[in-house]
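Some features that TrEMBL has for this protein:
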DOMAIN    B:15-112  domain 'FAD-binding FR-type'
BINDING   B:Cys250, B:Cys255, B:Cys258, B:Cys266  [2Fe-2S] cluster binding site
Amino acid sequence: MTVRAVADSSVGRVDGMKTLAKSEFETLIDGLIDDDPRSVVGPQRRSGQYVFEELDSAADLALEYDLTALSPKKYLLPQYEQLLTYERTDGEYEMHAGTDTEGVIIVGVHPYDLAAIEHLDKVHIDTMGDEPYRKRREDSLLIGLTMQSVAPESFAASMGAATTDSGYDLLVTDIGDRFVVDIGSFEGNELLADLDTHSASHSEVQEVRRIEDDLRGRFERELQFPPEELPTLLAEHYDDMEFWESYAEQCLSCGSCNMVCPTCYCFQVETVRDLGGDSGYQQRSWDGCLLEEFASVAQGENFREEVAQRHRHRFMRKGLYVYERYGDVSCVGCGRCTRHCVADVADPTDVYNDLWEATNA
Amino acid sequence: MPSEPTDAEPNWVHYEPEEATLVAKTTFNEIDTVFEFELEDRDELGHVPGQFVQVFVPGVGEAPFSVSSSPTKDGPFELCIRKVGSVTTAIHEMEVGDTLGIRGPFGETCDIETFKGNDMLFVAGGIGLAPLRSMINFILYHRDWFRDVTVVYGCKDPTEILFPEEIERWQERDDIRFDITVDEVPEGVEWDDHVGVITTLLPGLKIDAPNTYTIVCGPPVMFQYVQEELDAKEIPHDHIYLSLERRMHCGVGLCGHCQINDLYVCQDGPVFNYEVIKDRPEALS
């Protein structure tokens with residue numbers, strides 16, 4: 001869990017920023033790979049796409065990436081996670097909560113994914129008290145990365161998540177021949193202790209600002225209105241079934257939009273039995289509200305039987321329900337759902353802008 | 001209602017069940033049985049009427065069930081379970097002395113104590129009597145807190161009646177009115193009480209609407225028709241509570257399966273004020 005070492009408001013980011021050679025950064029990462037018991041993961045190029053994977057060497061980092069297939073959420077809320085193991089001995093069952101909750105060092109996390117993790121923290125740690133998530137998260141380090149490339153599907157700038165000043169232990173910006181690093185936590189500060197760094201100069205900090213400002217103008221997709229308007233807009237269009245059906249017509253209910261979303265956290269719980277039958281475990285695994293059976297109950301009733309109802313629920317949840325409960329619009333504009341939707345009906349900018357136009361035409 | 005994030009430490013959720021032992025079972029028919037469980041490490045479940053528990057059968061799975069017994073009953077708690085799937089079948093096959101896992105109790109319900117001084121009307125359809133029985137017995141324990149107590153209970157046919165002996169005792173009391181009906185009587189089954197759907201019992205009741213609190217539980221299709229009758233009686237909507245069923249996987253407001261629009265049945269329910277859910281389209285159909 002990130003503990004802010006430098007109070008941004010009083011000290012200011014100038015004092016919190018360090019400059020280091022790119023080779024020094026590689027030294028840091030290679031040192032962590034060699035010496036830290038935790039896995040060190042980062043963006044890499046695999047089979048024609050970018051993915052977060054375990055690093056063998058800092059040289060494998062693909063820091064130029066635009067968007068990874070899955071977000072680093074997969075390390076904090078794994079797709080499959082044991083909640084409980086059970087075993088029968090002498091006719092009696094023993095049950096034990098627990099799982100492998102060792103943290104991870106995640107290198108190269110873009111600001112929109114940092115924003116998504118901050119939201120997951122708010123839900124799982126600050127509010128609902130999910131112990132497996134908390135343990136893993138508090139034992140993890142996040143080394144953020146200012147975006148160098150922008151995916152054509154992304155609209156993170158519209159969601160205020162193209163840049164960030166929170167949610168990381170370190171945030172790295174490439175300013176050409178060297179990196180400027182913002183320190184976000186005590187742990188982040190400690191990482192730099194043995195490296196050759198110097199305080200970032202005024203012009204280096206200005207360069208970071210320039211890169212960030214420039215970045216916000218590089219997105220091809222955007223919301224035509226401020227995201228704060230989303231909750232009201234969605235509430236107004238809840239009953240507009242013609243609208244939701246127009247998108248749902250093509251939807252295959254595959255759930256890909258849910259699976260790749262960095263803020264989706266719904267899950268199902270299932271029992272996995274060992275072959276002998278006397279032992280096994282309960283696991284939770286990612287589930288999605290677009291999948292047909294998601295809202296069904298015993299004896300056959302399904303409370304979101306129609307594709308359009310499920311489609312609507314996804315957008316309502318992102319922009320209205322979660323906002324009402326937690327104060328966040330739970331879309332960070334990464335664009336993964338757009339990229340992975342087989343039927344091309346998942347793009348939030350299409351849906352939200354169409355709603356906006358319907359209201360403001 | 002939606003909870004605000006607070007500075008208070010949450011109760012950390014470990015997903016670890018407590019061991020419970022089956023100490024008694026009473027079978028009503030081929031598919032409905034009430035099971036009495038004793039917790040290994042504590043005397044009481046500590047629930048309030050309307051709450052539910054997650055029951056984990058090792059090797060089979062976990063499923064949510066409303067607690068059927070009142071907290072005013074000492075010792076073991078009761079779950080009335082209909083055999084419909086793998087977990088419920090596994091529980092039905094258990095023998096006294098066998099153990100399973102319990103998480104909970106979970107959920108928000110209505111605060112029955114705030115209904116003091118009023119009439120109480122319970123409307124139960126089928127297996128819906130199971131959660132309501134917890135409330136009915138709570139109210140009968142504190143009988144002098146309330147004015148008239150009425151229960152209407154409808155089943156598909158006489159073989160599906162739950163808690164028949166208890167119902168007989170309730171019917172013998174003069175401080176509670178218990179009306180029962182069945183939709184149909186199969187050939188060869190004896191039945192000398194009312195026949196007709198549950199809504200046929202409601203028009204005949206004399207109801208002091210402004211001073212009546214109503215709690216309804218039954219299959220989703222029933223709610224709408226019962227509500228029409230309650231509206232005919234002009235019972236204020238904020239005096240009506242519904243106990244809803246969803247397939248909760250976690251019980252703690254995370255897994256998303258029980259969501260009714262913005263509400264989580266496991267956290268904001270399963271007992272909801274009608275005023276809160278009547279405008280939420282996913283609540284009842």
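The count begins at 1 with the first shown residue.
The backbone N, Cα and C atoms fix where each Cβ goes, and this holds for glycine too.
Distribution of TrEMBL features across the structure.
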| residue | record | Cβ neighbours (10 Å) |
| --- | --- | --- |
| B:Cys250 | [2Fe-2S] cluster binding site | 28 |
| B:Cys255 | [2Fe-2S] cluster binding site | 21 |
| B:Cys258 | [2Fe-2S] cluster binding site | 27 |
| B:Cys266 | [2Fe-2S] cluster binding site | 26 |
Sites among the binding-site residues B:Cys250, B:Cys255, B:Cys266 close to chain A [C-beta, under 8 Å]: B:Cys250, B:Cys255
Cβ-based neighbourhood (8 Å from the centroid) of the [2Fe-2S] cluster site, residues B:Cys250, B:Cys255, B:Cys258, B:Cys266 excluded: B:Arg246, B:Met248, B:His249, B:Gly251, B:Val252, B:Gly253, B:Leu254, B:Gly256, B:His257, B:Tyr264, B:Val265, B:Gln267
DSSP-derived helix, strand and coil totals, residue by residue, for the domain 'FAD-binding FR-type' (B:15-112): 8 helix, 45 strand, 45 coil
DSSP three-state assignment (helix, strand or coil) for B:Cys266 ([2Fe-2S] cluster binding site): helix
